[in-house]
Structures are given as C-alpha cells and as structure tokens.
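S.K.: Copied straight from TrEMBL:
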- Asn13, Gln46, Asn64, Gly74, Asn75, Asn148, Asn181, Glu199, Arg200, Gly209, Thr210: substrate binding site (BINDING)
- Cys73: active site, proton donor (ACT_SITE)
- Cys73: active site (ACT_SITE)
- Cys208: active site, proton acceptor (ACT_SITE)
Amino acid sequence: MADHFHKMHGLGNDFVVIDAREKAVSMTAARARAIADRHNGIGCDQLILLEPADDADAVMRIFNADGSIAEACGNASRAVALLIGRKAELITAGGRITVEPFADGATVEMGLPHFGWDEIPLAYAMDTSAMPVGWEGLSDPAAVNVGNPHLIFFVDDCDAVPLDRLGPLIENDPLFPERINVNVATLTGPNAIKLRVWERGAGLTLACGTGACATAVAAIRSKRVTSPVEVSLPGGILTIAWAGGEQITMTGPATHVFTGETHWANFD
Ligand SMILES: N[C@H](CCC[C@H](N)C(=O)O)C(=O)O
C-alpha cells in the first residue's frame, strides 16, 4: 500500500504535505531530511505532517529541510488551508492558528507577536526593538517571535546584502539559543516592504510567511510603515495586517502542485 503526499508551495516556499489524520506516519528528523533532499529525496523547504487533534482540526508539525522543528510556518499554513478546503483551526508548536482558504490562497490568523528577549529567545537581556549588535555592516536589528524566532534588519537595499554568507553566520550565533530566521528588509512605501529571508534550518527561500509577519510587525511597531503592509518577497507578495496587541493576519496565495505516492520507509 503506497503512502501519499501533496507537493505544495506558498510563493515558491515549497512543502511536502503528509495528511496523517487517518493513518499515522512516523517522522524523524533523519527521515524528514531525506525527504526534503532535492537530489536524493522529493525535495522541499519544509515537510508538513498533519495529525489528529482533540480540540482542533489538526496538529500541524513542521520540519525544516535540515530536520529541525519549526514552531510556525506561514506559507505552509495557507497550503494546508487550501488542502483542508474550509475554515480550520490548527495546532502548531508555536500556538493555535486559524486558516480560511479562498480559491487560490488563504487568510491566516497567525496569533500574537512576542517581543521579550526571553520570548525570542535571546541568550541574555536586551531591548529587542533595536538591538546593540551587528554582523558585517548589518546592525541594530529588531527581534520578534511570531511562533518562531525572527531577526529583522532594515537596510537601504536588501538585494545588496550577501545573505547567503551572513545568513548562516547569524542563524547560528550563540546569541540565539534556538537559532533564528534572518530577514533583510527595505522600505519601498508607507505600506510596502521588500524582503529577503535566510530561513533557520532551510536557507534562502523564495518566500517566508512568518518572516513577512515578523518584519511587518517590527516595521509597524517602529512606525516605519502603517498597517496593512504589502510585503514583496522574491516569490511574490503577502499582505500583513496588525493593529498592535492584536492577532497578526496574513493573506496570500497557495498552490497545490501534485499528489504523489511513495513508501516512507524508502527514506530511512
Ligand atoms: N517558510 C516558513 C517559515 C519556516 C520557519 C522555519 N525556517 C523556522 O522557523 O525554523 C514560513 O512561511 O513562515
């Protein structure tokens, strides 16, 4: 009996989605890594495993391409919304989210942002709105936790930042006990941001939903922009709304590419 999966993406941030609500699928970091491998596996930025939940529509477990666990995944939340096909509540390691699909995408209530140094988390206390730290020309970042941890640098030209080199350096800095997602953002209007992201455990991706949420929240909080914000990533545009103290709302496309079948034991 073959195992089925859905190959999906949100603005090019791609996923292997396994719906294990009816039939359990065991997943380990090693198996997730093997499935995510773009040469010897199926290939994806994150592996998404849907499991039964007592008081929600599903538990959504998120494995990065390196096998590490992510507490939130905005683009995958929209993909799962499309797959479920109706309004749904999902439990993730970072909290409870509500998703509502439309024809070719979804709106997601991503929960509340957190700003405390120990909520990011950081290794020691500091003001997370403008941190007194820097890496090779990148300085004064903000940090926001939107279920998962994000560091945001506002720069004049995000395309000029060597993120392929600085991303892993910052991701793995001892300041971040749980590592961190690295965002470089350029303001392009009173409600517009251009964004590139180095993702914890996945590297450069075409889009990052939680990165867009964290960056928009940091920009709104510091009065660089007003809500709602259009965030332009290499893969496309997400709209993020946040009225301070409220839920973050993210709206954007989701794509079901194909349904495939395999045997997960092949990846052990
Ligand atoms: N691509 C995801 C983010 C994955 C975050 C993951 N890299 C981590 O937090 O470890 C998104 O659309 O939000």
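In case you wondered, yes, glycine gets a Cβ from its N, Cα and C as well.
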S.K.: When neighbour density is defined as the number of other C-beta atoms within 10 angstroms of a residue's C-beta, which of the binding-site residues Asn13, Asn75 has the lowest density?
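M.R.: Asn13, out of the binding-site residues Asn13, Asn75, has the fewest neighbouring Cβ atoms within 10 Å.
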S.K.: Report the same-chain neighbours of Asn64 (substrate binding site): residues 6+ apart in sequence with Cβ closer than 8 Å to its Cβ, ordered by sequence.
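M.R.: Spatial neighbours, sequence-distant, of Asn64 (substrate binding site): Ala32, Ala36, Asp45, Gln46, Ala70, Glu199, Arg200, Gly201, Ala202.
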S.K.: Cβ atoms within 10 Å, counted per site: which of Arg200, Cys208, Thr210 has the most, among these recorded positions?
M.R.: Cys208
S.K.: For the substrate site made of Asn13, Gln46, Asn64, Gly74, Asn75, Asn148, Asn181, Glu199, Arg200, Gly209, Thr210, how many Å separate the two farthest Cα atoms?
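M.R.: Site span for substrate, by Cα atoms: 16 Å.
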S.K.: Which site among Cys73, Asn181 has the most other CB atoms no more than 10 Å from its CB, taking these as recorded positions?
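M.R.: Going through Cys73, Asn181 one by one, the largest Cβ count within 10 Å is at Cys73.
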S.K.: Relative to the mean position of the Cβ atoms of Asn13, Gln46, Asn64, Gly74, Asn75, Asn148, Asn181, Glu199, Arg200, Gly209, Thr210, the recorded substrate site, which additional same-chain residues have Cβ within 8 Å?
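M.R.: Once Asn13, Gln46, Asn64, Gly74, Asn75, Asn148, Asn181, Glu199, Arg200, Gly209, Thr210 are set aside, the remaining close residues are Asp45, Ile62, Ala70, Ala72, Cys73, Ala76, Val197, Ala202, Thr205, Cys208, Gly211.
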